[in-house]
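Okay, so here's the structure we're looking at.
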Amino acid sequence: MVRARRGCGCPLNQGACHRHCKSIGRRGGYCAGFLKQTCTCYRN
């Protein structure tokens, strides 16, 4: 997993986080961590 910095849509726009992760070659992403402020990308 890869964590992106803030500003990738979290916590209010999880879709933006997902799109960011796809744009860097990952399979997708979601908002995680404290108050869902961190965009976490996944491969599988």
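Heads up, residue numbers simply count up from 1 along the chain you see.
Just so you know, glycine gets a Cβ as well, placed from its N, Cα and C.
It should be emphasised that the depicted structure is a prediction, and the values quoted were computed from it without experimental measurement.
Look at Swiss-Prot and you will find CYS10-CYS31, CYS17-CYS39, CYS21-CYS41 tagged as disulfide bond, backed by similarity to another entry.
Following the DSSP three-state reduction, the secondary structure of CYS41 (disulfide bond) is strand. The subset of disulfide-bonded residues (CYS21, CYS39, CYS41) lying with their Cα within 10 Å of the Cα of CYS10 (disulfide bond) consists of CYS39, given in sequence order. You'll find the Cα of CYS31 (disulfide bond) roughly 9 Å from the Cα of CYS41 (disulfide bond).
Secondary structure at CYS31 (disulfide bond), taken from DSSP and collapsed to helix, strand or coil, is strand. CYS17 (disulfide bond) is 8 Å away from CYS41 (disulfide bond) when you measure Cα to Cα.
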